[in-house]
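As recorded in TrEMBL, the features of this protein are as follows:
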type	residues	note
TRANSMEM	38-57	transmembrane segment
TRANSMEM	85-106	transmembrane segment
TRANSMEM	126-143	transmembrane segment
TRANSMEM	150-170	transmembrane segment
TRANSMEM	190-212	transmembrane segment
TRANSMEM	219-240	transmembrane segment
TRANSMEM	246-266	transmembrane segment
TRANSMEM	287-309	transmembrane segment
TRANSMEM	340-360	transmembrane segment
TRANSMEM	381-401	transmembrane segment
Amino acid sequence: METGTSVGTSGRSRNDSYEAIKNGSWFNQFRNGCNPWMARYVYGLIFLIANLLAWAARDYGRRALKEVTIFKNCKGGENCLGTEGVLRVSFGCFLFYFVMFLSTLGTSKTHSSRDKWHSGWWSAKIIMWPSLTIIPFLLPSTIIQLYGEIAHFGAGVFLLIQLISVISFIQWLNECYQSQKDTERCHVHVMLLATTSYTVCIVGVILMYIWYVPDSSCLLNIFFITWTLFLIQLMTSIALHPKVNAGYLTPALMGLYVVFICWCAIRSEPVGESCNRKAAASNRTDWLTIISFVVALLAMVIATFSTGIDSQCFQVKKDVNNQGEEEKDEEDDVPYGYGFFHFVFATGAMYFAMLLIGWNTHHPMKKWTIDVGWTSTWVRVVNEWLAVCVYIWMLVAPIILKSRRQATSGT
């Protein structure tokens, strides 16, 4: 009995210490050493360093790569050297996070061996990460080119995970507002936020017409912007349908998201295009171009980090009847899905490679540029359309499934 009591007491004390770390400050999480909350920031820092290494290899590492014997057969001159440098750094980053994904997949409880591996063992990871980064630089160009083709698919998976995470966050925000006790005050907040979002959408569309449609010959840009406006109207109409009744907030926030993606898509058009005056104005490298590049790079790292810790948006909602029993088990549960976290970073490694080479292994990229080229433009456009399709499906899927259940039960 005493042994069981001591084990239970030690278990509770470990849970209490974890709760103290979890609810403590950001500095307290680092000060307490090996814990999953501190670990996620370290993995994010590693990912940021890999991004910087890939950028340095593309813009400033061509001379050094020329001296390496394995790069002598690189076809395409300096552009090939820059592209291969990015892909090799990306491949090393992918290997690191994929190994972590395989070794932490299925981790469900804290204080387990895989939890300790995820949250600690930093001395071993300090050796493993540089080693896996160096290995791709020893491989022949054919393997790297094959990885570059596979990275297109991996980057697409990352974009799909990201947009599902964004849509889930928007729906969660809407549910939070609807569950407030003060319904009248909440209704005012929802209307204010929705009105502001729609206003920003309209202003954004007008500015894109001004900036990216200088004359009537820019038919492609006219199509992109007009179709975005139509998609906003479509999402609003479906959300306000009596059978759906999703309210104004979610289509308004989704409108902001698709307008932003449309702006990114048109902004990714090549500099030489006459319809893209903003790109022509930023043709020369100045402090504004450098700041834009740094902000885009940091935004991509932050987006990867926030998506990686959002594994709950891919989990099935639990039954309310079993909630009391499951709350007891949740005390020892990991704070986020470790395997999902590393999988997102692994696909994110492929994604940052595609951004730095413009989604085209044969496309030359200027210094301090990111995600530029017609391939990048169409990837963004397809991502926008896919986001709208996923959002509409999330609205109508419950109604379709409900009608099917009723039809099945009726027969």
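From the backbone N, Cα and C atoms, a Cβ is placed for every residue, glycine too.
All annotation found in TrEMBL is predicted automatically rather than curated by experts.
Simply put, out of 38-57, 85-106, 150-170, 287-309, 150-170 has the most Cβ pairs sitting under 8 Å from the transmembrane segment (246-266). Between the transmembrane segment (287-309) and the transmembrane segment (38-57), three or more CB pairs separated by 6 or more residues in sequence fall under 8 Å, so the two stretches touch. Within the chain, the transmembrane segment (190-212) has long-range Cβ neighbours (under 8 A, six or more residues past its boundaries) at 174, 177, 218, 221, 225, 228-229, 232, 247-249, 252-253, 255-256, 259-260, 262-263, 266, 275-278. Here the transmembrane segment (38-57) has long-range neighbours at 29-30, 32, 65, 82, 85-86, 88-90, 92-93, 96-97, 100, 118-120, 122, 129, 133, 297-298, 300-301, 304-305, 308-309, 336, 341-342, 345, 348-349, 352-353, 356, meaning same-chain residues at least 6 beyond its ends whose C-beta is under 8 angstroms from one of its own.
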